[in-house]
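Chemist: The structure follows.
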Amino acid sequence: MKRKTILEEVLDRGFTRRDFLKMCTALAATMGLDFSQTDQVVAAMEKNQRVPVIWLQFQDCTGCSESFIRSTHPKVESVLLNMISLEYSEALSAASGHQIEAALEHVLEHYPGEYILAVEGSLPTDDAFLTVGGVSAKETFLRAAKGAKAIIAYGSCSSWGGIPAAYPNPTKAKPITHFVKDKPVILVPGCPPIAEVMTGVIAHIITFGKLPELDHLGRPKAFYRHRIHDKCNRRAYFDAGLFAESFDDEGARQGYCLYKVGCKGPTTYNSCAEMRWNGGVSYPIQSGNPCIGCSEKGFWDNGPFFVRRAKIPASQTTINPETVGAIAVGVTAAGVAAHAMVTAMKKKDEHHD
Amino acid sequence: MSIPTNPKIEQKQTQVVWKRSRKAKNIELNDEMVKVYVWELPVRIFHWINAFSIIVLMITGVFIGRPFVSASIQEEAYYSFLMGWARYIHFFVAFLFTINLAVRWYWVYKGNEHATSNPFRFSFWKEAFETIKYYLFMKNNKKHYIGHNPLAQLSYWIFIGLGSIIMMFTGYYLLFEPQPESIYGKMFMWVAHLFGGDSYSVRSWHHLVAWGFIIFTVVHVYMAFREDYLQRNGTMSSIFTGYKIERKKEALGEHDEK
Ligand code: HEM
Ligand code: HEM
Ligand code: SF4
Ligand code: SF4
């Protein structure tokens, strides 16, 4: 049976070619492409078939799925229905039970090397914590990963370990990159990631037939190239030295920088400040809440949300560097004073000898 | 009770010595005493630029990490540039600090016997241990050193050697991380992997090691005054003038390896 192209799929659903072109233009913009590259998107969608996607959930909260279905450009209906065929998803598939498991088997068998595996949630290293129907999470994952064209790690849990891996990490949770080494993995961190980023990554793979360009940590450059702090609408106040000191002071009302109420923007890479959330309406900092660094590795262990701290290397513990530093200097000064006194006493004794 | 510096032991010569060709210059004062040119000009210049830059980096750095004052004009951002200046000064002085350190490394090869140190010798560690005992007021075999004693050398290795390298690499990473595509960004990308992988860990390293420098400074300045007080050999003025007054047999004897 010949599979339909994405264009055919769209036309079949009663959309016009004009609708199709609009969708492609929106997609190109989402992917951060130049307007002139829209042609490439159109050509790809005319020629390529829908890509089968398997979406597995492990130690997660379904927040990433929730974010995904709120995609506005392109609308998630169009992604789901036209560009990809979501063959297996615990949250979104209509089918359930043996029926849906059969669909999974079908993809693994018939589309090896073609399907994309999307993973939400981290995996425990101890199987006792996540075994479904007698099959461990690790086994389910590795089986699906084997024939995948590419793996997308959606969210901070699958990318870095996320909440399950936060101290004390009872399940010894690890990111999926810990379990699979021989497959290309695209990390799309965020708690959750921005919907348009999630769809943008898939759109890129379909359009260009290859993975988007990744940065040194394995995230798509198009979406994780910029630091929140460098694109922040409050940055001018940071440079000026004007800070909100609490959430209800004059500074907060004036829209001053949120650094002193714990903003993690200076150490966070994500598209929030450019793409914003909910179809570009706003993002946390714009709405007056400091960035909590949700797309960064180990963000749950990077200190309380509304305080800036420093992490003790190779641990999951943070301290206030100024408090600890001042105490350490105080102890040192006391030691120096004591040493000086003993020295002076001994020197005096020496003169008496 | 007296300070355990046995005059007989003082006669023993240190094993931590350097090539004759790099011997420090001496000026004879009388039959007993000589003036030793311990710290050559580049070392002294290095010392004060280094001390200055570390203090400025610390003040601006802590301000960047925890802005303890706000701009005085509580208006639009346009009127002030307080954090901006703190950052510019931090970066400018960071470059000064880096160049200064590079010159000092060059002087390790070029300078006199006191401009260098070799921790790969057993005697270095043995004598450092004796020096620790000396500072703990225990019976010891510490020798008299004209240059740095091995413990001081060790502290410079840890703080000025290793500490500076950590500060520079993490610092340049933090500086260039917003431009990962630039040549400088690419040059320092690998630093992240060495210091925990993410921006927050790198920044934490930078912030914590900064406090290590303050602790070093407290101890170091105390030690310099103490040495001067006990030895009366001009340790304090030596870092300004370069000269220390030493007993002739010690100054010359250090090299009498028959
Ligand atoms: C002994 C030397 C140094 C000390 C004591 C020092 C201290 C500090 C401190 C305490 C911070 C605040 C960290 C935080 O936000 O948690 C900081 C930030 C920073 N330092 Fe340094 N630093 C030193 C050397 C350097 C060097 C050599 C560079 C290289 C360019 C550098 C570049 C930076 C940068 C880029 C930041 C972040 C500024 C920002 O993002 O706004 N530092 N430094
Ligand atoms: C009032 C301030 C200071 C005084 C009086 C002072 C004095 C001295 C003296 C007398 C020496 C040579 C003594 C020896 O090592 O045996 C020395 C060496 C040294 N000091 Fe300081 N110091 C001061 C501040 C600092 C600061 C703030 C730093 C850096 C944090 C520093 C870093 C060093 C280093 C790296 C050396 C070794 C020099 C070399 O061999 O190149 N000093 N200092
Ligand atoms: S609010 Fe946060 S991200 Fe924005 S300028 Fe201030 S510290 Fe940076
Ligand atoms: S602003 Fe920061 S905490 Fe908020 S969603 Fe973006 S990256 Fe996450």
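Just so you know, the numbers here start at 1 and follow the chain as drawn.
Cβ from N, Cα, C; glycine included.
Not measured: the values here are computed from a predicted model.
Annotations per TrEMBL:
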BINDING   A:Cys61, A:Cys64, A:Cys157, A:Cys191  [4Fe-4S] cluster 1 binding site
BINDING   A:His229, A:Cys232, A:Cys257, A:Cys263  [4Fe-4S] cluster 2 binding site
BINDING   A:Cys272, A:Cys291, A:Cys294  [3Fe-4S] cluster binding site
DOMAIN    A:61-205  domain 'NADH:ubiquinone oxidoreductase-like 20kDa subunit'
DOMAIN    A:224-305  domain 'Cytochrome-c3 hydrogenase C-terminal'
Chemist: Here are the binding-site residues: A:Cys157, A:Cys257. Which has the lowest count of other Cβ atoms within 10 Å?
Modeler: A:Cys257
Chemist: Quick check: in three-state DSSP terms, what is A:Cys257 ([4Fe-4S] cluster 2 binding site)?
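Modeler: The three-state answer is strand.
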Chemist: Sequence order is fine: just name those binding-site residues in A:Cys272, A:Cys291, A:Cys294 with a Cα within 10 angstroms of A:Cys263 ([4Fe-4S] cluster 2 binding site).
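Modeler: So the list is A:Cys291.
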Chemist: Name, in the order they occur in the sequence, the residues of the same chain whose CB lies under 8 A from the CB of A:Cys291 ([3Fe-4S] cluster binding site) and which sit 6 or more residues away.
Modeler: A:Ile228, A:Leu258, A:Cys263, A:Lys264, A:Gly265, A:Thr268, A:Cys272, A:Pro284, A:Ile285
Chemist: Taking the Cα atoms as reference points, how far is A:Cys294 ([3Fe-4S] cluster binding site) from A:Cys191 ([4Fe-4S] cluster 1 binding site) in Å?
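Modeler: Per the Cα atoms, A:Cys294 ([3Fe-4S] cluster binding site) and A:Cys191 ([4Fe-4S] cluster 1 binding site) stand 5 Å apart.
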Chemist: Quick one: average pLDDT across the domain 'NADH:ubiquinone oxidoreductase-like 20kDa subunit' (A:61-205), no decimals.
Modeler: 90
Chemist: Within the domain 'Cytochrome-c3 hydrogenase C-terminal' (A:224-305), how many residues are helix, strand or coil going by DSSP?
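Modeler: Per DSSP, the residues of the domain 'Cytochrome-c3 hydrogenase C-terminal' (A:224-305) fall into 29 helix, 6 strand, 47 coil.
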Chemist: Once A:Cys272, A:Cys291, A:Cys294 are set aside, which residues in the chain still have Cβ within 8 Å of the Cβ centroid of the [3Fe-4S] cluster site?
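Modeler: Other same-chain residues with Cβ inside the cutoff are A:Gly190, A:Ile228, A:Lys264, A:Gly265, A:Thr268, A:Asn270, A:Tyr283, A:Pro284, A:Ile285, A:Ile292, A:Gly293, A:Ser295.
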Chemist: For a Cβ distance below 6 Å to any atom of ligand 4, name the binding-site residues from A:Cys64, A:Cys157, A:His229, A:Cys232, A:Cys257, A:Cys272 that qualify, or say none.
Modeler: A:Cys272
